[in-house]
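For reference, the structure is listed below as structure tokens.
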Amino acid sequence: MVNRVAVIFCVYLCAVHQVYSAILTNIRSEAGVLSLLEFRKQFYIVDFDDNNVLTYDNIRRHVLLVDLNNDGQVTHEELQSNPDTPKYPMEVFRALDINNDNILNCTDIRGVFELLPGTGNEVDLQEFLTTFSTRMNETTGPVMKIQSFVQADRDFMIIDENDDNILTREEFQVDFTEADENKNGQLEESEVRNMFPMRSTPPETICPNISVSCSVDDVMPLFDAADKNQDSQLTVDEYIQHFGLLIEN
């Protein structure tokens, strides 16, 4: 079966073409967090070399997974024969087919990729999220600033020391301990900011009684508020949905 991720990403890539060929000026700086989480997932799947940017080679590799007969190009018939093809394949196909020859190949991929924001050679997560959020007529979930979303994502990646995409209460407590530079069991305002690597979460948001006390007991309710299912651990989705809204830019 054709890789579903490749087909979905083909749709997303077409969205880029439509955004920039239409020369949209109303670029979104915020979007529904549930949509952002879905875009994020696709970004990291396509980023097969785990360097946090998408390159031409990343995109070519995934789009050409739709190439059923391995001839180096994708026809509309190949898309139609795939059971996972989205609802409007012709619209998608035409958006990506830059030279209108009814065939998708590396030339088309390069042409579309050069329309991406940034250097023309790579795109990072924030550029990716901005592009596709702008393309969507509507996004789902509570509205969050895209920059805040990305900062929360980076905070999670750093705090999650064993890289298992789960943040436990113990890891969160360790983060507190490491932020407590003078090891007095309390966090000063400057130390509170150190709990979050991007340093963009206001101290009073992390520890409401900071002028009086900021012990680990004062900070843990922040974790518990994000832990909706009360299993003493946070997935990256849970973390971003809660902590992203606390970030100020």
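Just so it is clear, glycine is given a Cβ too, placed from its N, Cα and C backbone atoms.
For 1-21, the entry in TrEMBL reads signal peptide.
Annotation source TrEMBL lists domain 'EF-hand' at 167-202 (among others). Same-chain residues lying 6+ beyond the ends of the domain 'EF-hand' (167-202) with a Cβ under 8 Å from its Cβ atoms: 148, 151-152, 154-156, 158-161, 210, 213-216, 219-220, 223, 232-234, 236, 239, 243, 246-249.
With DSSP classes pooled into helix, strand and coil, the tally for the domain 'EF-hand' (214-249) is 22 helix, 3 strand, 11 coil. Annotation source TrEMBL lists domain 'EF-hand' at 214-249 (among others).
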DSSP-assigned states of the domain 'EF-hand' (167-202) in counts, ordered helix, strand, coil: 16 helix, 2 strand, 18 coil
